[in-house]
Amino acid sequence: MPTNFTVVPVEDGRKPAQEDSDDNNVLKEEDEETVGDGNPRESSPFIHNTDDYKGTLYDGKNMALFEEEIESNPMVSSLLSKLANYTNLTQGVREHEEADEDEGAKKKKVKSPQMGTFIGVYLPCLQNILGVILFLRMTWIVGTAGILESFIIVSMCCSCTMLTAISMSAIATNGVVPAGGSYYMISRSLGPEFGGAVGLCFYLGTTFAGAMYILGTIEIFLTYIVPSAAIFKAEEKALEAEAMLNNMRVYGTCCLTLMAVVVFVGVKYVNKLALVFLACVVLSILSIYAGVFKTIFEPPVFPVCLLGNRTLQNHGFDKCMKTDIIDNVTVTTRLWALFCSGPELNASCNEYFSLNNVTEIQGIPGLTSGAISENMWGSYGPTGMMVEKDLPSVPGSASPQDKDMPYVVNDITTFFTLLVGIYFPSVTGIMAGSNRSGDLRDAQRSIPIGTILAIATTTIIYLSCVVLFGAAIDGVVLRDKFGDSVKGNLVIGTLSWPSPWVIVIGSFFSCCGAGLQSLTGAPRLLQAIARDGIVPFLEVFGHGKANGEPTWALLLTALICESGILIASLDAVAPILSMFFLMCYLFVNLACALQTLLRTPNWRPRFKFYHWTLSFLGMSLCLALMFISSWYYALVAMLIAGCIYKYIEYRGAEKEWGDGIRGVSLNAARFALIRLEEAPPHTKNWRPQMLVLLNLDSELSVKHPRLLSFTTQLKAGKGLTIVGSVLEGTYLTRDTEAKQAEQNIKSAMSAEKTKGFCHVVVSSNQRDGISHLVQSAGLGGMKHNSVLMAWPGNWRQSNDPQSWKSFIETVRETTAAHLALLVAKNVDSFPHQERLSEGTIDVWWIVHDGGMLMLLPFLLRQHKVWRKCKMRIFTVAQLDDNSIQMKKDLQMFLYHLRLNAEVEVVEMHDSDISAFTYEKTLVMEQRSQMLKQMQLSRTEREREAQLIHDRNTASHAALNDKADAAPERVHMTWTKEKFFSNRNREHNATMAVRDLFNMKPEWESLNQSNVRCMHTAVKLNEVVVNKSQGAHLVLLNMPGPPRNRGGDENYMEFMEVMMEGLNRVLLVRGGGREVITIYS
């Protein structure tokens, strides 16, 4: 049923007076329906908050049920309006418009993108793929590798880019791809670490591509257009290569500077010239095909001169003959002068020249000549190898002068893998369509169709060129890289129609345009990476001119490009950029395969003709091509990418882009958790998985941060750590505080370098909250097996007995749950990050606890803080024990455990219970009984506790001095001397108190169990203090609490007595299982 909405615009909560008077009745009728009560309008990023809508309020009648959620959850109509008007502008467009507006130009309305598949994707990809390698190196590759192996090279490289294009199409059609193209796709699919690493590799590849195009431009200019423009000229043939490289460096640097200035001044001119450069490429290709088919009827005349079977450089002579007859007189030619000492017929000549005749063949025999069979197989060779034809010749003796003769020779050592690296850049450029996604009318339709069609077209062109070149051009001309045998013409130009200059000029402008586009695109890619904030040291390159032009990024790009130009050899630069592009394509395939296999809910590409097997095949092919091209370049590229990856992981900003690597982590974690659930870990794999119980102060800050330091030292970054805390109350009222507490704990964990998870529980009381943590923390097999907490040091002074009762209940719960328990006394005095000097970690092994006492010192000593400490193990021998044999057995046990420790057996024979023990037990019981029986108020309890304290520790004079002061809390610290002096001095006061409470003070009436426990605590404390008072850390067995909860307070007293006089103590209670073994 249609619903009508009434929207009443208001200003400052009121309508204008005129409108108020006109619509007064309407307002009265709709007074209850209008939401004009001053509630703020929603502010959502999905809704157009333009000036036209200021003050707009929602009608509360139809949507009253949702009116409280309108602010955070907008109306569907508003959301759809926002999405319908979404414009995906290319990077820099908005900045240009703002700059134009600032200059006073009339603001132009941004038109929605209108480019279709042909103009927006197909032609840019075609222009980027076809380029310098096709014009300058394709014929040489066919001649060197042969038609068959060239066909394999082209097929491998084109298959790699086609498979990559299929994967890229799936990623590009899985949602809107903003400007940024391949970098955006990889980073959002594989995460910031991979995205940054591959993005920078793609940037380096694009930058070196610019260097390659500039070198190609200069090579065409100096070799085929104006050879006389060379600055460095070689006197000898052996120095020609070096002179050429120096010319390339000088002219290349000048060309780079000019191009950088053009890009800096106005990138719009580069874009306007793109059509001209594209026309050059298309015309050049058409002229090649026209020339090839023309050879069937009328092959072009390009004679090649051979001496024997060796090809000669056709530069210094005009006739391919040794002698000529002019006016019936035999005279020598200019060719004779090149090989002989003089023009005379009897001059001494080169031996090979004398033994062999000169022949002239056609360099372009034509398609029907049968040259295809001759060029079917490759002809690889070392540097300096002469280009020879399969003809009979008379071999001469090797002469050092041969290298100075005008033969056509290999300028570099050739082999199959080298040609793969040189050729691969000619198939790159497939990302041109995805980089323009912001300009396309329907990017999700145009990118797959345009890119795949462009690759299919260029593949057909390349494969047909391999066959046609091999069939129409003679082999020696194909292997002549610089066209020396055809009078310095571009080899591919000899085939073109109507003139070789069509190819020369077309390839020149094509290389210029490609170089300009590389210098335009690479800085913007670097700027996009810098603005993402994932690589901190690149942030400066995110800035630029006022209109958004990446000035600093352009400067860095020019410097890196200059390093490629200084290499000066097109054949040396091409494999470098092949590595970076191959790595980029590898990760595009990996991203698609991962997303497909993980079945991410958001993975819904419109392009359906993909499969994870194709992506894995493409990824494998990329990896294989990297190592085929150059294994050492491949390793260097991987090392660079790996370093960038680790840097971003260590220092970079944390980004959550919903990437596939996070999905892999989740699936791996799920799989591992399910596997861990099957069985408990073996003793050899046991390590403390800690649940650290923290207390927070009133400001929700961590009370004992050193507990986290100790956890880090104990774990050394391994295993599970869960840091938990409890807030009292209900979650609905304290959810904000819980989140704040969690942030504070995470900050403390970061400061203490504790790696783990944080869990804050809100519970009605502290006791239940800790119980929930102990029971439910962790997941599956990754649950804690140990609990670490601080000893409640001020439990005697606490007005609330729940603090120490909660502690004892936690001890009982960990025992019931078979968890190990570690309790740190004086935890604030534990070391932080400072390394301890040489000292000892003393272990008092009284009862067997599964080996926890042995394992913990070993783990601590793995950390740098405790590394210098030695481990000492003490055990207690009773009257019936053989202490000597015990020591030997313990030493043997430690030897089998592979632990280095000093062993000492302390004899603690049964002795009479001292008066000190009786009196200490008496004081403990009296205090406990008084507080229980009389149920005193807080003030009275403190007063009665003060009486007991005064009776045992102070004189009458001290009582009189402190009569007016606030009552002190009980602090029972005893020594034997103190006891006896106080007993003799305060006998009367003692009798008075006993009479007051009408209690029997005789020692015989004391609970004998308490007396025995106190005796153990006192005796054990004596021997521990005697041996370990100077130790850096003392580990003690922690006895369990009494079964009868009535003795809980006595248990705390026993623990205090046992640890008295020791600085750092770690009480350890095993979890009921063996955690250390002697077996391998």
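Quick reminder: no glycine exception, Cβ is built from N, Cα and C everywhere.
TrEMBL entries are annotated by machine, without manual review.
Owing to the predicted nature of the structure, the values given are computational and were not obtained by experimental measurement.
As given in TrEMBL:
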COMPBIAS  19-35  compositional bias 'Acidic residues'
DOMAIN    121-316  domain 'Amino acid permease/ SLC12A'
DOMAIN    409-691  domain 'Amino acid permease/ SLC12A'
DOMAIN    705-823  domain 'SLC12A transporter C-terminal'
DOMAIN    832-1080  domain 'SLC12A transporter C-terminal'
REGION    1-52  region 'Disordered'
TRANSMEM  116-138  transmembrane segment
TRANSMEM  150-173  transmembrane segment
TRANSMEM  194-215  transmembrane segment
TRANSMEM  248-267  transmembrane segment
TRANSMEM  274-293  transmembrane segment
TRANSMEM  412-432  transmembrane segment
TRANSMEM  452-478  transmembrane segment
TRANSMEM  498-516  transmembrane segment
TRANSMEM  552-570  transmembrane segment
TRANSMEM  576-597  transmembrane segment
TRANSMEM  609-634  transmembrane segment
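For the transmembrane segment (116-138), the list of distant contacts is 212-213, 216, 219-220, 274, 277-278, 281-282, 284-285, 422-423, 425-430, 432-433, 436, 439-441, 445-447, 449-451, 453-455, 457-458, 461-462, 465-466, 469, 481, 490, 492, 503, 506-507, 510-511, 513-514, 517, 570-571, 574: same-chain residues at least six beyond its ends, Cβ to Cβ under 8 Å. Under 8 Å from some Cβ of the transmembrane segment (274-293) lie the Cβ atoms of residues 123-124, 126-127, 130-131, 135, 300, 367, 461, 465, 468, 472, 492, 495-498, 502-503, 505-507, 509-510, 512-514, 517, all in the same chain and six or more residues away from its ends.
Long-range contacts of the transmembrane segment (452-478) within its own chain (CB-CB distance under 8 A, at least 6 residues past either end) are made by residues 121-122, 125-126, 129-130, 134, 138-140, 142-144, 146-147, 150-151, 154-155, 158, 161-162, 165-166, 169, 285, 288-289, 292, 295, 299, 302, 304, 306, 311, 361-367, 369, 371-372, 374-376, 379, 387-389, 408, 426-427, 430, 433, 485-486, 491-492, 494-495. Model confidence over the domain 'SLC12A transporter C-terminal' (832-1080) is summarised by a mean pLDDT of 67. Contact counts against the transmembrane segment (552-570), taken as Cβ pairs under 8 Å, peak for 194-215 among the stretches 194-215, 412-432, 609-634. Sequence-distant contacts of the transmembrane segment (412-432) (same chain, at least 6 residues past either end, Cβ-Cβ under 8 Å): 121, 124-125, 127-134, 137-138, 141, 144-145, 149-150, 153-154, 156-158, 160-161, 164-165, 168, 181-182, 205, 209, 212, 378, 380-383, 451, 454-455, 458, 462, 571, 574-575, 577-578, 581-582, 625, 628-630, 633. When Cβ-Cβ distances below 8 Å are used as the criterion, the transmembrane segment (576-597) is approached by residues 160-161, 163-164, 166-168, 170-171, 174, 182, 185-186, 189-190, 194, 198, 201-202, 204-205, 208-209, 212, 421, 424-425, 428, 564, 603, 610-612, 615-616, 618-619, 622-623, 625-626, 629-630, 633-634, 636-638, 641, 660-661, 663-664 of the same chain, each at least six residues removed from its ends.
The stretch from 150-173, 194-215, 498-516, 609-634 with the most CB pairs below 8 A to the transmembrane segment (248-267) is 194-215. Taking DSSP states H, G and I as helix and E and B as strand, the domain 'SLC12A transporter C-terminal' (705-823) has 57 helix, 26 strand, 36 coil. In this chain, the transmembrane segment (609-634) lies close to the transmembrane segment (150-173): three or more C-beta pairs between them fall below 8 angstroms, excluding pairs fewer than 6 positions apart.
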